[in-house]
Amino acid sequence: QECLSHQQVLSTMRQMQKLLSAQEAVHLQGTRSLKKQLSALHSRIQRLAGKRNETCPQLAVPPNGRKLGRSTRVGHDVHFICDAGFQLVGSETRTCRRDRSWSGTQPFCRNIDDCSSNPCTNGGTCVDGNQSYTCLCPRGWSGASCQSPVYACSNSSFSRQPRCAEGRPGSRHCSCDAGFQMRAGGICQDVDECQLFQPSPQTRICIHECLNLPGSYRCLCPLGYVLHADRNTCEDVDECAGSQHNCTQGELCINTFGGHRCVRPKCPPPRHNTSYVKTSSL
């Protein structure tokens with residue numbers, strides 16, 4: 001076998017150098033492309049992490065109350081209101097600040113002492129309940145606030161003559177109207193259903209207040225409620241749906257138990273290139 005000439009050896013070495021140079025160029029191009037992709041991915045992860053960090057921790061809903069607003073982004077507000085019979089203690093509105101902490105203090109709903117206004121009259125004893133009170137009336141008084149005296153049989157509104165019919169010779173049958181009962185002396189006396197049934201939870205005939213009437217009774221409701229069709233329970237009046245509110249232009253009416261609240265929604269302050277467009281009157 002003949003050996004390669006000096007010229008052939010040089011030519012072969014040049015070809016191998018070109019091949020190695022081409023492979024090195026391809027390798028460097030792939031490395032640069034990989035570095036570029038890794039740099040873009042790193043930047044994207046940093047942006048996403050920055051956006052997640054622009055929020056505040058979730059706020060708890062106070063027991064016996066509600067939280068209005070769910071956004072926890074910087075610059076957004078959250079509002080709190082309490083159910084009927086409870087009073088808000090703490091911040092009514094809290095704002096997510098730039099340091100990702102909430103302004104104000106965490107509110108809670110405190111039960112209102114319904115006996116604080118001394119609603120029981122004529123020496124009655126007030127017992128506080130859940131959004132209500134009960135008056136224990138002394139002898140001679142009745143009603144939700146012990147405001148009604150127990151009438152004697154001589155009262156013309158709460159007593160009347162019986163209905164009598166002649167029977168056999170020398171016999172006579174007398175009876176009272178519905179809601180009255182025969183008393184000594186042949187007088188029909190009104191049955192005080194409120195005094196008889198209302199004090200006991202097992203026989204209570206009115207959810208709120210009971211008013212005795214001659215031969216009957218009527219259930220009463222507190223302010224902000226109307227008597228249901230069953231004539232026994234009370235249902236809340238939706239002032240917002242019936243436009244029975246005093247909210248001004250730009251305020252949002254929110255119905256509550258026994259009333260309503262007026263809240264003015266606010267857009268958070270613009271940040272970066274963000275802008276807001278008003279789409280409604282509220």
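Glycine too: its Cβ is placed from the backbone N, Cα and C atoms.
TrEMBL does not curate its annotations; it predicts them automatically.
Annotated features, as they stand in TrEMBL:
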DISULFID  Cys82-Cys109  disulfide bond
DISULFID  Cys137-Cys146  disulfide bond
DOMAIN    54-111  domain 'Sushi'
DOMAIN    111-147  domain 'EGF-like'
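Known features from TrEMBL, placed on the structure.
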{"residue": "Cys82", "record": "disulfide bond", "Cβ within 10 Å": "24"}
{"residue": "Cys109", "record": "disulfide bond", "Cβ within 10 Å": "20"}
{"residue": "Cys137", "record": "disulfide bond", "Cβ within 10 Å": "23"}
{"residue": "Cys146", "record": "disulfide bond", "Cβ within 10 Å": "21"}
> At the level of the C-alpha atoms, what whole-angstrom distance separates Cys146 (disulfide bond) and Cys82 (disulfide bond)?
Replying inline: 30
> Averaged over the whole of the domain 'Sushi' (54-111), what is the pLDDT?
Replying inline: 89
> Between Cys109 (disulfide bond) and Cys137 (disulfide bond), how far is it from one CA atom to the other, in Å?
Replying inline: 31
> How long is the line from the C-alpha of Cys137 (disulfide bond) to the C-alpha of Cys82 (disulfide bond), rounded to the nearest angstrom?
Replying inline: 32
